[in-house]
Amino acid sequence: MERKRSGRRYYNKRKKTWTQQCKDYLRQFIAFLFSNIGIICLVVGYTIAGAFMFIFIEGAPGNAIAVIDRVGANRSGTADRIWDMVCCNAYCEDEWKREVQVHLRSFQSHVIEAVRNFSYEGPNKQMTRWSFSGSFLYSLSVITTIGYGNVTPRTLLGKLATILYAIVGMPLFLLYLSNIGDILAKSFKWIYAKCCLCRNCKKRRKRMLAIQRKEQWKMDMRDFKLNTGVLTEGEESDDEGTTDGSSSLSFNDTQEVTVPISLCLTIMVGYISGGAILFSKWESWEFFDGSYFCFISLSTIGFGDFVPGNSITGSGTSIGTSTSTGTGTGPGNRSSAGTVIELSFILCSMYLMLGMALIAMCFNLMQQDVVMKIRTCTDIVRRIGRCKN
């Protein structure tokens, strides 16, 4: 009978309907997505999907060509009207200047409208703001709440897509920062405990002496209460449990180690300085300007006065105008400049994702250090109060 029952139980456990199997697979998939590796893949995949979405909405190549043609036609019309005023009509100097200013202001307002509403960048530029790398950086700046402001959606559908994309993306990125920051904090605490706190280290000896003094003080207070009859049976059992729990605390437990705030600040300053050196080489910025950009980006302020790719895009203008030297806007020059811009945007995105996780790790470690110091101060104050009593 027992064998039959066990066989039936095994058969019932093994036999699952198709819907139950789908539910189990869905639970496993969701658990993987919200695991540490899954959350990274989810953030990267969500950003890539957002890049393709904004390319489809805002980066249609026909729109860019139409804007360039429209601005060029307006410029040619303005030049023709000014020429007609010069060759065919007799104006005095003041009147001629007033008429020319009217036409130039009209053309100027048309160019400003093209820049604001259609991301016009010039006749000799490829309008790379909505390329894959530019759209990827825009999607990342949306979910990280940096918001540089140099690239913005122009269409109604793009603005609505940005709102919906941010509603889902911002909590997802906060979850990424929480999980990855916690993992990096634990890993760094383990490395710090193994490498920086050796057995003969003064900090180790100080910590061990502090733990021994704390245990000895608890034992003395417990004996004093027992001798004076102040401690009851219930309090005695609670105090024993506390003593046992604290006695199990050892220095080898790396998660009990606190990293100094000075070391965390050194890590953040070093990461910002390294990024400043890299961006100063890529973008031809000064070191201070690169440091300013890295700090403004990692702190999610994002003024937008310094954005990667602007200097490379600016150099494209000189390339387009210097046709007499043989370095015109040929396919090779455009493709090489576009490749450099793509690489700059992608490296900037990687720097921001890793840097914000590193900043979250440092804040986590500094918070633990501050909490530990506050607890130590409160314990000292309690001991002084009990000694006075």
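Here the Cβ of each residue, glycine as well, is placed from N, Cα and C on the backbone.
What TrEMBL records for this protein:
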- 29-57: transmembrane segment (TRANSMEM)
- 127-185: domain 'Potassium channel' (DOMAIN)
- 130-149: transmembrane segment (TRANSMEM)
- 156-177: transmembrane segment (TRANSMEM)
- 232-251: region 'Disordered' (REGION)
- 233-242: compositional bias 'Acidic residues' (COMPBIAS)
- 257-279: transmembrane segment (TRANSMEM)
- 267-368: domain 'Potassium channel' (DOMAIN)
- 291-308: transmembrane segment (TRANSMEM)
- 343-366: transmembrane segment (TRANSMEM)
Stretch among 29-57, 130-149, 156-177, 291-308, 343-366 sharing the most Cβ pairs under 8 Å with the transmembrane segment (257-279): 343-366
Average pLDDT across the domain 'Potassium channel' (267-368), rounded to a whole number: 76
Residues from the same chain, set at least six apart from the ends of the transmembrane segment (130-149), whose C-beta lies under 8 A from its own: 43, 46-48, 50-52, 54-55, 58-59, 119, 162, 165-166, 169-170, 172-173, 297, 300-304, 307-309, 338, 341-346, 348-349, 352-353, 356
Selected stretch (most C-beta pairs under 8 A with the transmembrane segment (29-57)) from 156-177, 291-308, 343-366: 156-177
Helix, strand and coil totals (DSSP H, G, I; E, B; other) for the domain 'Potassium channel' (127-185): 45 helix, 0 strand, 14 coil
